[in-house]
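Written out below as structure tokens is the structure these notes cover.
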Amino acid sequence: MAIVFVRRISQGAQGERPAPEDVEVLVDNLEDEQTGYEETTMPDTQRLYWRKWDARSILQRRCILLTCLFLIVAIALTLAVVIALFHERLAKNPKTSDKLFVPPSDSILGKYDSAAVASDVEECSVVGKQFLKRGGTAIDGVIATLLCVGVHNIHSMGLGGGFFMVYYDRRRRKVMTIDAREKAPIAASKFMYNHNKEASLRGGLSIAVPGEIKGYWEAHQQLGRLPWSELFKPAIQFCRNGAKVHNALATALKLLEHDIREDPSLSEMFIDEKTGELLQEGDLVYNHKLADTLQTIADDGVDAMYGNHSLARSIVAELKDAGSIITERDLEHYDALIKPPLNLTLRNGMTVYTNRPPASGAVLSYIINILQEYNMSKADIATPEAAGLTYHRMVEAFKFAYAKRTELGDEAREAGLEDDAAQKLKQIVDLLSSKNHAAVTRAKINDDTTQVVDYYGAVFSETDPKGGTSHVSILDSQGDAVSVTSTINFYLGSLVRGNITGIVYNDEMNDFSLPSTPNAFGLPPSAANFIHPQKRPMSSMAPAILVDKHGDVQLVLGAAGGSKITSTLAEIIMRCVWFDEDIKQAVDYPRLHDQLIPTTVFYEKNMPSTILASLVERGHNMTLSNPNGRFSVVEGIQRKDGKVYANCDFRKGGNPAGY
């Protein structure tokens, strides 16, 4: 084998030697092995130059070719590995489609080293922080914060209401819950509203026995460190010196202006005596009567309100004037209950702790229990198609969970349940935390379509309470956490403000079921939630604390918003735990809600249209929630990457505080 260089000589001008062009050609069977070159003159002026390659040159050339081939293969393999790693990373942390993007709100994401307080009133978050820095426990901080919120957002909560609390002790890894839910008076009966259903909504007959202060006292006795009276000072000062009217209170006052003007005690507080105008955002609201009441309780303790005391007698007197059937005996017999928590272990080792009935912790646990075996990740909300399926599954889980809610009620012995009914209620609660039952329910979810109401197994579905609830979340520097949701039910509760005490009383009797009255959709009521003396009505409140397998708090959550509370908290947990969002991202994102009846999915106005379209394709009826109202309001704290983050829902306002 040889290589032939063909030199092509073009004809040029006379006397000029044209530049040659070499062309390399392979030639077999060289005839002259002894010469390096052999020249032959061709008729067309082409000349051939023969060059013989020795064995060494051929070996070098082959080595070069093999090296090049090896490099090409190595580069190809490297590229393949890089591409595979990229796709793996993309799967774990996919970029969300622009069609699903929702701009962030202007709420603050608080970032702290060790402790945080989140409430719907910034001044009150600061109060809680101050008590923590003074060496108070998380319980000290939360009581002071709640007392403060009860002054600023008196339309949502206060001494005339009740609460549910979850407390986590990091050092001992113990969890305690407190049920300070309001109770039906001893003289109450399940037929008391037969002839006047509206009496359960407003006025003296709608008032249940308040539990707020009794609950604070029990918590402080168990876990407080600072003096009881110290916790009341900020709230008393705000009552006397004026509390700023924030947007949340101003909105509620505007909605209820007619009722306020009709009531002398409410007018005294919320109508400017100089101008005759309703208080506006930015004004100061004073409550000197409530300041005196708070001071009495601070000085004399819990017996001032629940014992043989002049304040207790004043409370009963003003309630009687309003038409209430609450007596001194009702106050004396009220007990805040300390209970073990409900708990649910997640796939990643976290545990969700929440309250037992009559709170809706069991409903929240059931939703998460159904959904967690889908093994969701951020990829499940990264594209319109994936997000559509995820939200469909979420809505279906809501429906099954709210169907079971209709079988829940107060577990306490004094609630009047027969032994078999009490046992059945316990079995239902246990069932909702069962992974096997969740798997059975999950198998009923069709990824392509929703179902008719009967498919979900509801005994009956309740109407949608609105309005007056607040939540406070606290994480202290020791790693202890408190999650408390407090309420007087509707805005300004019963619309009864005590003429003597300045307390705004609840209308929690409306949260019971009425046996003689089908609900607005013609469905029969649930016996599990009938009125009975000293029984506590079913509630949508479900404060929660999530703790990892090392015993460290990861999330402290709770919400206001009536029946939307439970579905909202499920969404927040999903976004923080499964979709790896921070607490602000999770709280900011628009929400939807389905409680089975009415047969529609309520959604917020900025919910991405691609998600809505996907749900419609699967047969869901979609209804825009009141754009001028608040869907639900979350106060949350998250531990992430060694820091403590806190966010207060932009839907109501407020800011966190911490250090």
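Cβ atoms are placed via backbone N, Cα and C, with glycine included.
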Matching residue for the L-glutamate site, where TrEMBL names Arg181, Thr487, Ile488, Asn489, Asp511, Ser539, Ser540 - out of Gly203, Gly204, Gly558, Gly562: Gly562
Site extent for L-glutamate, whole Å (max Cα pair distance, Arg181, Thr487, Ile488, Asn489, Asp511, Ser539, Ser540, Gly562): 15
Neighbour count (Cβ, 10 Å) for Ile488 (L-glutamate binding site): 33
Ser540 (L-glutamate binding site), number of other Cβ atoms within 10 Å: 30
Thr469 (active site, nucleophile) and Ile488 (L-glutamate binding site), distance between Cα atoms, whole Å: 7
DSSP-derived structure type at Asp511 (L-glutamate binding site), helix or strand or else coil: helix
Local backbone state of Ser539 (L-glutamate binding site), from DSSP in three classes: coil
Spatial neighbours, same chain, of Arg181 (L-glutamate binding site) - Cβ under 8 Å, 6+ residues apart: Gly162, Phe163, Phe164, Gly211, Pro358, Ala359, Glu508, Arg536, Pro537, Ser539
For Gly562 (L-glutamate binding site), the number of other Cβ atoms found within 10 Å of its own Cβ: 24
